[in-house]
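Heads up, the thing below is written out as structure tokens.
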Amino acid sequence: MRVIMKPLRRTLVFFIFSVFLCGTVSARQIEWQSCMTSPYSDWFGKESSSPELLCGYLSVPLKYTDTGKDVSDENIPLVRLAMTKLPAKSKRKGSVIIISGGPGLPGINPYINFDWPVTNLRESWDIIGFDPRGVGQSFPAINCQQSNQERLVNVSEKQLILQKINACIHNTGAEVIRHIGSHEAVYDIERIRQALGDKQLTAVAYSYGTQIAALYAERFPSSIRSIVFDGVVDIDDLNDNFSWKLRQAHSYQETFDRFAAWCARTKSCPLSSDRNQAIHQFHQLLLKLHNSPLTDSRGESISSDDLISLTTELLLWRSSWPTLATAVRQFSQGIVSNEIETALNSSIASEKVSDALGVILCVDQSDEQLSQEQRKSRKKALADAFPAVNFEREQSDLPEFCELWPIHRDLQQTRLKNTVLPSGLLFVAHKYDPTTPWINARKMADKFSAPLLTINGDGHTLALAGTNLCVDEAVVRHLLFPGKSEDITCQGSGTGDTN
């Protein structure tokens, strides 16, 4: 999921070795073991996993040629992808690979509700999860940790960014980072398919994962059996980073407007149904927190940045709107309840995930250098597109993280514009999705001549979650019987609530 990032307020301390193995990958095998055994029992932290879940590693090349073949060297550097398998309950027909979002989100414990109709899928299909290269339990992982000794004091914001970049490259290794992006991720999917013994790929991709799946569809059209894309990235927009950011910002503001109208109608928080008035009220609250942060029960401050981070995350799912409304109401009253403290703690992505997101996005982008005027103009356009969270009138001319990032592998240069259209694709999108706008799915469905499932409501990604029977039935039907899907609309949360 591409998110509008704000500074993290809590730090997760971690340590990951930044070396990689060497060897050959001809075997392409995964030695499955119970996830309850060492060393896999520590993979999931506090999360629970099924006792039936199997774990293992798949070794793949650190670098591929432009055609996806191994670099010609018997002692090539390898990365290890952390893999999980929930075996089919009866006779196996194949595997369904779950491609997680982010970039930077782990995928070894995918959230899938196996009630009916999803249970039909589980009957004959293995469910495969994996942590993408550089992420989670895969090895080596992106590591941007800085020790206290490495953190310079009394330096400019630009120097702080450069300090962070240097830590990422030094800890992870420049050669690893050079091959950590979407180009390699596409070929990793192909290696996973081969290792599983599947003749063709069956997969469900979420958010950023749809970018990997769409690039795979371009490069390996004949290797596809069935893919579902939920929360769709427009891969034809990847050559213009500013355009997709601008479209995302507009979508976030539209969702904020719908949230404010819902809030006013239900009297859940002190926001007006009038768009301009609601924005003004939210600005007043942000200014209040900016000038006088609240304090939680642990003595940590809650600032305007924290409310912005909470807002951009909780706007994503309609089921989270009541929590966001409570936060707005309580912060307006100078109150912080245990419920909101919990929401703040759970909403802040770990530093590990945030680092991976930033590094992978930057590696995928072209090396674009902006003048001061261009930079300020773009920042103003983004602020105007999502005015609700942009309460500070002065636009900084400070370069962004990716502009200062030195290692790029322009994703557009590695794409294969295949004229053969794959079959078996289904695109899924909420009508009101702030982070991957519905229009992305419409464009990609048209590009691949594929059906589109529109969820008429607010949200971001829903397939196989067990919260919308219409969606799950359509998705399972497509996975079991690809090629028979047509355009369909399912009713979602928020239908008819706001105009």
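From the backbone N, Cα and C atoms, a Cβ is placed for every residue, glycine too.
Under the heading signal peptide, Swiss-Prot lists 1-26.
Here Swiss-Prot flags 94-393 as domain 'AB hydrolase-1'.
Swiss-Prot lists SER207 with the feature active site, nucleophile, giving similarity to another entry as the kind of evidence.
Annotation for ASP433 (active site): spatial neighbours GLY231, SER251, THR255, LEU316, ASP458, GLY459, HIS460, criterion Cβ-Cβ under 8 Å with sequence separation of six or more. For the recorded site, ASP433 (active site), the DSSP three-state label reads coil. Feature annotation from Swiss-Prot assigns active site to ASP433.
The active site, proton donor annotation in Swiss-Prot covers HIS460, and the record cites similarity to another entry as its basis.
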Protein Cβ atoms within 10 Å of SER207 (active site, nucleophile), excluding its own: 26
